[in-house]
Amino acid sequence: MSLRSGGRQLSFELLAGAGDLTADDADDISPRSLPDTTSDGQRRRRRRSKRKRGFRSPPIDEAASEGEQPRGEGGGDAAAAFRITDLRSAVETVCESSEPERSAASCVSYVGVELRQRTVSRGERVLAASAEDGASSCGSSTRESAAAAAVAADVAAAAWRPEANGGVKKKLEKEESLDWEKYMKENSNILGEVERIDNSPFSYFLGELYGGNSLRSTIAVGNEKKRQRVYNTMFHVPWRCERLIVAGFFVCLDSFLSLLTIMPARIVVTIWRVLKTRKFRRPNAADLSDYGCFIVLALGVASLQMIDISLIYHVIRGQGTIKLYVVYNVLEIFDKLCQSFGEDVLQVLFNSAEGLSVCSTDNVTFELMRFLLDEAIAVVAFVVHSFVLLAQAITLSTCIIAHNNALLALLVSNNFAEIKSNVFKRVSKENLHNLVYYDIIERFHITAFLLFVLAQNILEAEGPWFDSFLINASLVFLCEVLIDAIKHSFLAKFNEIKPVAYSEFLEDLCKQILNDKPDDRQKDLTFIPLAPACVVIRVSTPVYATLLPAGPFIWRIFWILLWSVLTYFMLAIFKILVGLILRCLANWYVNLRLRRKQHVD
């Protein structure tokens, strides 16, 4: 069959490297052309040739073009021959079909494949095969012949894929490169998995010893501010708070001694003036206030004298240990309520005294009735408060005398309940100021309770009791000091209050002692010594009764007056010492604070 016939042309446009073929290659494989009988087939052939122009045959190796004979045996040549034979048979089957099929399908181009191989021993490069496919296709009206040609072209392209740079393509090593298990063993952490660690105890201990977790890795490193905060909590706040409480305690003691010494002296001077001039003059507000307080004190002592302390003592002692500190806590709550209410009652009483002292003659009856009503309310309020303090003192005495660790249970429950109720609350600076004042008053009340316990031991104790009393009293005081220090330290820490605030509180207290702030009474320490004085007088009277000698009634009255005068002078001297020392210290501290402020400014 000739290469060209009757105006037909072979379509070798698909083969890019057709010009490099040698004569030997042309002798091995010759193209075939089938006649085209229709002009419609020519048009379809041209269109199919244009669609297949994108396909290019692989370049031919230089060695193959020089006419080297293909070498190699076995699998490589057999596989190549098998693929080419199959390709040719598939194409020729389509081309050599029957005449009716050729007339229907027109013409199918013959695909010529030229293969050259060369095998290099011991890992040399494998012969690169180049194939040229030339096909001159005549158009066909049926889809089956076009599909067969397309399949043949795809098979040829898939069989020979040259490298991008036109070099020789190496044969894929199947067993080594596609061995997934071996690859995963060599690259065990390809999926980002955590490597297994040695789980032996010794290795774990060494790992923790040299590189394990530590507190430094979980807690941030502090600075000077943190150090100052620790020092404030441990040293500065407890010291300044205790200094303020001690100063406030002596302020309360001064007020207590003033009630027992200054107020009776004023009343005696007023009565002496009336008796000397024999002219009754309307008393001023201060005199009326002193009369009212003296009446409250006298009626309070008289009311407590009618109470049997032994009966209350046995009733409280008959209760269990748990009920003892429950009773004490309840009485302490009522004590604080009575303090707040007593302050309001005294303010109302002093207002009525001032109104009575300046009222006109027409309103004197109304003002007098109001003053008497307020006085009755004050008597009832302070008698109740005195009874609460007396019951609290009896409860403490019961815990001290008992030998079943009742005092320890009382101190632990009472003090730590106080910490729980105060420490974890948000308080302001003003509330902290009031809280310190409540602690000062509580410290003074505890002192009054211990005096009651001392008096009861003097009257009823048998055997050596003083050492035991000192130990118990010291334990109570130490627990109170410790609890106050802990409470205020953590209150200042949690609320970010600096220790200088307690110095400011002490400065305000010193100004109160010096009467430098007569207008601002909101920051004053308000202590009403009427109820504690009633309790102290009530428990001191039996002690003085034991000192009276036996004899006639007049003789006993003489000794009563003598002991009363001696006690008064002792208290007056004590009051003078306490008052003068307080004023000197207050003046010194106020000047010190003033100099420090000027130095800072």
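Glycine is no exception: its Cβ is also placed from the backbone N, Cα and C atoms.
Here TrEMBL flags 43-55 as compositional bias 'Basic residues'.
Among the features that TrEMBL reports, region 'Disordered' is placed at 22-77.
TrEMBL lists 244-274 (among others) with the feature transmembrane segment.
Taking Cβ pairs closer than 8 Å, the transmembrane segment (294-316) reaches residues 259, 263-264, 267, 324, 327, 375, 378-379, 382-383, 386-387, 390-391, 394-395, 397-398, 456, 530-531, 533-535, 537-539, 541 in its own chain, all 6 or more past its ends. Positions annotated as transmembrane segment by TrEMBL: 294-316 (among others).
Within the same chain, residues 292, 295-296, 299-300, 303-304, 307, 309, 312-313, 316, 327-328, 331-332, 334-335, 338-339, 341-342, 345-346, 348-349, 445, 448-449, 452-453, 530-532, 534-535, 538-539 sit at least 6 positions outside the transmembrane segment (376-394) and bring their C-beta atoms closer than 8 Å to a C-beta of that stretch. Taken from TrEMBL, the feature transmembrane segment covers 376-394 (among others).
The annotation transmembrane segment is assigned in TrEMBL to 525-545 (among others).
The transmembrane segment feature in TrEMBL is assigned to 557-586 (among others).
With a threshold of 8 Å between CB atoms, the same-chain residues lying at least 6 positions outside the transmembrane segment (557-586) that come near it are 247, 250-251, 253-254, 257-258, 260-262, 264, 509-511, 513-514, 544, 547-549.
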